[in-house]
Amino acid sequence: MLAALAAVPLALARSQAAEPVSQVVDLLKEMQTTLEKEQKADEDMYAELRSWCKENNDVKTVEVSDGQARIQELTSLAAEANASSESLAAEMTVLGKEVQEATAALDSARVLHGNKVETFNDNEKSLYKDIEAVQAASTAISGGEPALMQLPEGRLKEMSARLQDAVSRRAERLDNTLSVRDHERLEAFFKDPSGFVKGLSLMQTPIGGELAGMMEAMEDDFKVDLKALQDEMAKELKTYEELMASKKEEIKASEATKESKRQQRVEKRQSMMEMGFEIKSIEKAEGQVSR
Ligand SMILES: *[C@@H]1O[C@H](CO)[C@@H](O)[C@H](O)[C@H]1NC(C)=O
């Protein structure tokens, strides 16, 4: 445009020297108007371009800052989820240990109870045996059963030996029951049991009656012990069963809690992964915008 203006005087000088001045002035005016119009159009276009650029730039800036904010939010949410996941894992470890301990307690209670049952069975068996020994001797001495009078010598000796075993086994227990005289009578019986049961006349002798009374007292003692033993066992069994039930309940509850924590943890890990994907996709999208 400036070049065009500069060219005008040359053109006038060369080919339009003869034209009247007014025509030249008109031409110049027309050219000026055209130039002004073009300049205005240029300026408008420039302004428009400028404003478009500015707008576009602003939009881009907003997009970037939204993405950054979302990434920040996701990052802190992921860290929270990670912290939850970590503490859930720690809680699960504690619960696992609790289950292990309760299981160990259950096992040792089972072994202990097994030993107690075994001891009880032995003691009960031995008491029954001793009660039977006393009853057999008592029956023989009191002559309650005529058949016993015809007991062969060997069987009688055996019966006496069993009673002797019972008395010596429970000597401490019988300390309150048997007097020194009772022991002397028993010794005599052990030495020669047939002397006490052979003759029918024995039933009437005071010594036979005393022995029979002693046997009854001994039987009572043993039965009291048996009852105490059985009661104790029943109590032990009840305690054991309650302990077993409560430990099993405890284990079940701990396992259920652990399972629910495991599920919660899986969910946390899943959401962490999803947040990670979202962060990556925002970063990718922003990379495309800024390029
Ligand atoms: C989760 O937290 C633990 C402990 O703070 C850390 O060692 C681990 O790198 C974190 N994991 C993620 C994916 O952030």
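Here the Cβ of each residue, glycine as well, is placed from N, Cα and C on the backbone.
According to TrEMBL, the protein carries these features:
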- 249-271: compositional bias 'Basic and acidic residues' (COMPBIAS)
- 280-291: compositional bias 'Basic and acidic residues' (COMPBIAS)
- 249-291: region 'Disordered' (REGION)
- 1-17: signal peptide (SIGNAL)
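Here the compositional bias 'Basic and acidic residues' (249-271) is broken down by DSSP into helix, strand and coil counts: 23 helix, 0 strand, 0 coil. For the compositional bias 'Basic and acidic residues' (249-271), the residues of the chain that approach it from at least six positions outside its boundaries are 77, 81-82, 84-85, 88-89, 91-92, 95-96, 98-99, 102-103, 106, judged by C-beta separation under 8 angstroms.
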